[in-house]
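J.: I'd like to ask you about the structure that follows.
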Amino acid sequence: MTSPPNTPQPTTPRPITPTTPAPTTPTTPPSTTPPLTTPPSTTPPPTTPPLTTSSAVTPPPTAPPPVTPITPSPPPTTSQATTPQATTPQATTPPPTAPPPAATPASRRRARINFAVWAVIAAGAGWPLMTFGDASSAQGLWILLPALTALALHYLHRDGAGPLGLTLRIAHPVRWFAFATVLYPAAAVVTTAAAVLTTAASFSAAPAPGEPPLLAAIATAIPALLLKNLLEEFIFRGYGTRTALALGVPRLAAHALVGLVWMLWHIPLYLAWTPEADLRASTTLPWPWLLVGIVPLAALFGELRIRTGSIWPGIVLHTISNAVSAPLLFNGHLHYTGHSDALLGITPASAACMLIFGAAAYALSPRK
């Protein structure tokens with residue numbers, strides 16, 4: 001019973017072992033190695049699909065994509081190149097916003113006509129009004145006629161000379177309004193201190209009998225002066241400076257032309273509408289001396305107008321200078337000896353004030 005099972009076990013392995021011919025196995029190692037490589041070859045079949053997906057047929061289609069990326073890449077580069085170039089001119093465009101000269105001969109011709117008409121009316125409007133019965137009405141027309149002329153010329157006979165500077169939107173407004181507020185009081189303190197120290201003048205903090213204190217006189221004068229100087233600065237800086245710059249003349253010559261018209265405009269004020277006592281308090285010299293400082297002062301106001309693009313800092317400077325100087329001179333606070341006010345006075349006609357205001361105008365002017 002036990003022998004039959006034992007018999008099949010030996011017989012079955014035996015025939016297999018004879019087939020193991022060791023001699024053939026050494027001869028077949030090369031052939032057995034291929035079977036061993038056949039398992040790796042079975043692994044490639046999965047890898048062959050990737051090879052078929054990335055087959056040589058796929059690279060030819062991928063050859064167009066390289067061309068396609070190359071075509072989009074130039075547009076970004078050009079847009080990036082054009083974007084800085086477009087931004088750089090935009091950064092350089094704001095500085096020329098100051099009243100530019102007229103570009104075309106036609107607009108320059110119009111600017112010359114406009115300036116001539118404006119100058120004649122501004123310089124001559126007050127002369128026929130000096131004999132007008134009511135002095136206050138005469139002075140109102142004296143300042144309104146040039147203002148209305150400027151408006152009419154600006155809107156009816158355009159010369160391309162730029163805006164009138166009525167905007168309050170200026171760069172660094174705190175700095176410019178602080179400059180306009182402080183400049184004249186600082187000049188008055190310096191010149192008065194120099195005059196008192198050199199005994200060229202005497203100063204009294206108390207006003208003359210019947211006059212208000214200095215600070216009260218300054219505060220009460222400001223509202224009326226603001227309205228008057230708004231019109232005056234509009235006439236001479238809002239319209240006059242921008243039109244003079246459009247004539248094609250140098251910057252300093254434009255300020256001199258406006259200053260000359262401004263000076264002629266003041267003559268009826270001193271001849272007919274300023275009391276003799278106020279003239280004597282303003283200067284120890286003949287009253288035409290008061291006109292001397294107007295042309296240099298026009299350069300300061302003109303440069304302030306150009307730098308800010310607005311007439312409002314000039315309105316503040318003009319109002320503060322009028323409000324401070326009038327009580328000092330008319331209310332008995334300041335008395336000069338001899339003709340010392342010609343050197344150390346607080347009016348724009350004094351040499352000290354012309355030096356201070358000229359230095360301020362030079363500081364505001366552009367450097368080459």
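For all residues, glycine too, the Cβ spot is worked out from N, Cα and C.
So TrEMBL has the following annotated:
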| type | residues | note |
| --- | --- | --- |
| REGION | 1-108 | region 'Disordered' |
| COMPBIAS | 1-49 | compositional bias 'Pro residues' |
| COMPBIAS | 58-77 | compositional bias 'Pro residues' |
| COMPBIAS | 78-91 | compositional bias 'Low complexity' |
| COMPBIAS | 92-103 | compositional bias 'Pro residues' |
| TRANSMEM | 115-133 | transmembrane segment |
| TRANSMEM | 139-156 | transmembrane segment |
| TRANSMEM | 176-201 | transmembrane segment |
| TRANSMEM | 213-231 | transmembrane segment |
| DOMAIN | 218-324 | domain 'CAAX prenyl protease 2/Lysostaphin resistance protein A-like' |
| TRANSMEM | 252-273 | transmembrane segment |
| TRANSMEM | 285-304 | transmembrane segment |
| TRANSMEM | 311-330 | transmembrane segment |
| TRANSMEM | 342-364 | transmembrane segment |
J.: Mark yes when the transmembrane segment (115-133) and the transmembrane segment (213-231) have three or more Cβ pairs under 8 Å (sequence separation 6 or more) and no when they do not.
T.: no
J.: Determine which recorded stretch among 115-133, 311-330, 342-364 has the most C-beta pairs below 8 angstroms with the transmembrane segment (252-273).
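T.: Of the candidates 115-133, 311-330, 342-364, 115-133 scores highest.
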J.: Under 8 angstroms, Cβ to Cβ: which one of 115-133, 139-156, 311-330, 342-364 has the largest number of such pairs with the transmembrane segment (285-304)?
T.: 342-364
J.: With an 8 Å cut-off on Cβ pairs and a sequence gap of 6 or more, do the transmembrane segment (139-156) and the transmembrane segment (311-330) reach 3 or more such pairs?
T.: no
J.: Could you please provide the mean pLDDT value for the domain 'CAAX prenyl protease 2/Lysostaphin resistance protein A-like' (218-324)?
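T.: The predicted confidence over the domain 'CAAX prenyl protease 2/Lysostaphin resistance protein A-like' (218-324), as a mean pLDDT, is 96.
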J.: Take the domain 'CAAX prenyl protease 2/Lysostaphin resistance protein A-like' (218-324) and count its residues per DSSP category (helix H/G/I, strand E/B, coil), listing them in that order.
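T.: Taking the domain 'CAAX prenyl protease 2/Lysostaphin resistance protein A-like' (218-324) as a whole: 91 helix, 0 strand, 16 coil.
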